[in-house]
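Here is the structure we will look at.
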Amino acid sequence: DNVLTLNADPPLANGLSWTFYQKSCPQLESIVKKRIDFYLKQDITQAAGLLRLHFHDCFVQGCDGSVLLDGSASGPSEQGASPNLSLRKKAFEIINDIKSRVDKACSVVVSCADVTALAAKESVRAAGGPQYRVPLGRRDSLKFATQN
């Protein structure tokens with residue numbers, strides 16, 4: 001079993017922490033790992049879809065979960081923006097499943113952006129890619145990137 005582990009941590013962005021949910025939701029990473037393992041045992045290609053979803057979330061206005069926002073009368077959804085039309089529907093379903101399980105298990109709100117980042121990390125690991133740590137503490141956006 002050849003496992004590549006990245007030991008150099010990136011510098012932390014303002015507000016992010018390696019221990020953000022350590023006391024308020026210590027089981028967070030375990031929940032995400034178990035669900036990703038469950039889904040990727042069924043279809044390993046979902047790893048690419050989850051990594052791509054995370055990339056699309058981060059690309060426009062930072063990793064803020066806005067790609068997960070549904071449309072409303074006040075604006076179109078980010079999911080409906082032309083660059084995001086090819087994102088896998090199943091990736092959104094996986095994130096929603098993980099988020100609902102995290103919400104049930106934790107006493108605090110865990111951001112969708114953090115769940116998406118952890119799901120991407122665990123997908124890379126489960127697909128045989130490098131293991132790396134993800135700093136947490138992202139805040140979810142309430143605005144669509146398509147409105148900016």
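The backbone N, Cα and C atoms fix where each Cβ goes, and this holds for glycine too.
Under the three-state DSSP scheme, HIS56 (active site, proton acceptor) falls in the helix class. Under the heading active site, proton acceptor, TrEMBL lists HIS56.
Around GLY62 (Ca(2+) binding site), a 10 Å sphere centred on its CB holds 15 further CB atoms from the protein chains shown. Taken from TrEMBL, the feature Ca(2+) binding site applies to ASP57, VAL60, GLY62, ASP64, SER66, GLU78.
TrEMBL lists CYS25-CYS106 (among others) with the feature disulfide bond. The DSSP secondary structure for CYS25 (disulfide bond) is coil. Within 10 Å of the Cβ of CYS25 (disulfide bond) there are 20 other Cβ atoms, across all protein chains.
Annotated disulfide bond per TrEMBL: CYS58-CYS63 (among others), in sequence order. In sequence order, no residues are near CYS58 (disulfide bond), counting only same-chain partners six or more apart with C-beta under 8 A.
For the domain 'Plant heme peroxidase family profile' (15-148), the model's pLDDT averages out at 89. Marked as domain 'Plant heme peroxidase family profile' by TrEMBL: 15-148.
Positions annotated as site 'Transition state stabilizer' by TrEMBL: ARG52.
Inclusion criterion for the recorded positions CYS25, ARG52, HIS56, CYS106: a C-alpha placed within 10 angstroms of the C-alpha of GLY62 (Ca(2+) binding site); this criterion is met by HIS56.
Note: the domain 'Plant heme peroxidase family profile' (15-148) comprises 72 helix, 5 strand, 57 coil (DSSP; helix = H, G, I, strand = E, B). If you draw a 10 Å sphere around the CB of CYS106 (disulfide bond), it holds 16 other CB atoms from the protein chains shown.
Of all the disulfide-bonded residues given, namely CYS25, CYS63, CYS106, those whose Cα is no farther than the 10 Å limit from the Cα of HIS56 (active site, proton acceptor) are CYS63.
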